[in-house]
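In what follows, a single structure is set out as structure tokens and then discussed.
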Amino acid sequence: MTAPTAPDADPSDLDPMDADADADTDTDTDTDDDGPFGDVPFDAVVLAGGRAARLGGADKPGVRVGGRALLERVLAACAGAGTTVVVAAPRPTGRPVVWAREEPAGGGPLAALDAGLRHTRAEVVVVLSADLPFLREQTVRRLVAALSAADGADGAVLTDPDGRDQPLVAVYRSAALRRGLAVLADEGAASAGARGLTGLPLRRLTARLELVRIADPLAAFDCDTWDDIAAARARIREHGHVLDEWITAVKDELGIELDVDTGILLDLARDAAHGVARPAAPLTTFLVGYAAARASAGGGGPQAVAEAARKAAALAARWAEEDRPDAPGGTPAPAPAPGAGMAPSPSGTEAASGTHSPDAAQGEPSTPEPDVPFKPEPDVPFTPEPDVPFTPEPDVPFKPEPDVPFTPEPDVPFTPKPDSP
């Protein structure tokens, strides 16, 4: 049984990689509890234990898109959940989760859903796969709001570009899921194989439910193959998407939940760069962020960021105003050099002859020479001298001089002189 498509749904054939395919998702930016999505408490169950056969058995939840693991991207979309259960073998995650495992492991989506559902308490449960690179928290809240507004509906699901249900991008009433799972488990137990929920496809459950459908091809896009991974990575780097993706990734990496108006900060960076100096742009936005963090500690929220940015932008405007020569109290224009605009004195020859140039006589400035564009000399590549190998002189063996025997002088007898009388 199916309910009519949600009024705002537009089941089109949009390419999920088309830049306009996320129009519905991107326009919903209010995630406050009192925003358009209401304040409906919900839990989340993320199925992350599949075999990823079309990825060659790779660890699909750990594959990165935009610097973040697919599982982390999905967990970020579940930030509003009271409890988030991940059905898979435990691994480190950036957000607190409850781990569950179906019995036997790899028993299929219904067995995994049953295992995860046992850890939830909310009346509404979001059920997601772990391979949705473009799912956002706004989309999850929109699904919750659609189910809340649909009397008699058991769930709300997204549809792909072909209008097919995506039951692992959906929100359900917990009671309806538990009833359906119990019936299927009894039927499985009564069968010849007595396999319970093991191996049963998810459509065996969803076919029993009354569903509201919402078309959102981009949010419903999942990564089953390496081509899907490549397409997702390429899209987030396209102009118009990369900045939002980067900011979201940084916020997730730093554990920041605060939503801010990116345009305000970009305008502030521009004003600081133009009105003060280029290096002032990143420093100013950092200081605004620091001030906003202090204000947020006291409950300031996004308004604190906007107020801090407004003050800094006003300061940058006042700073730039002082540099205008015509502004009252502004920086005066540079004084002209001594003698500028005056007729030059006649040269010595002109003074002696009593003549000088007409321009000088009329006090008109001479026509300056036209500017000659600077043409740098072409770079001459440096050519080092070739290395000359060092050749040592050959060793000359040491030849000592031959010993000359010492011949002492013969002794001459001493003959004293005779005494004189």
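For all residues, glycine too, the Cβ spot is worked out from N, Cα and C.
The shown structure was predicted, so the numbers you read here are calculated from the model rather than taken from an experiment.
Here is what TrEMBL records for this protein:
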- 1-39: region 'Disordered' (REGION)
- 10-36: compositional bias 'Acidic residues' (COMPBIAS)
- 44-191: domain 'MobA-like NTP transferase' (DOMAIN)
- 239-323: domain 'DUF6457' (DOMAIN)
- 316-421: region 'Disordered' (REGION)
- 338-349: compositional bias 'Low complexity' (COMPBIAS)
- 379-395: compositional bias 'Pro residues' (COMPBIAS)
- 403-421: compositional bias 'Pro residues' (COMPBIAS)
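Note: the domain 'MobA-like NTP transferase' (44-191) comprises 53 helix, 35 strand, 60 coil (DSSP; helix = H, G, I, strand = E, B). Helix, strand and coil residue tallies for the domain 'DUF6457' (239-323), in that order: 65 helix, 0 strand, 20 coil [DSSP]. The average pLDDT computed over the domain 'DUF6457' (239-323) stands at 80.
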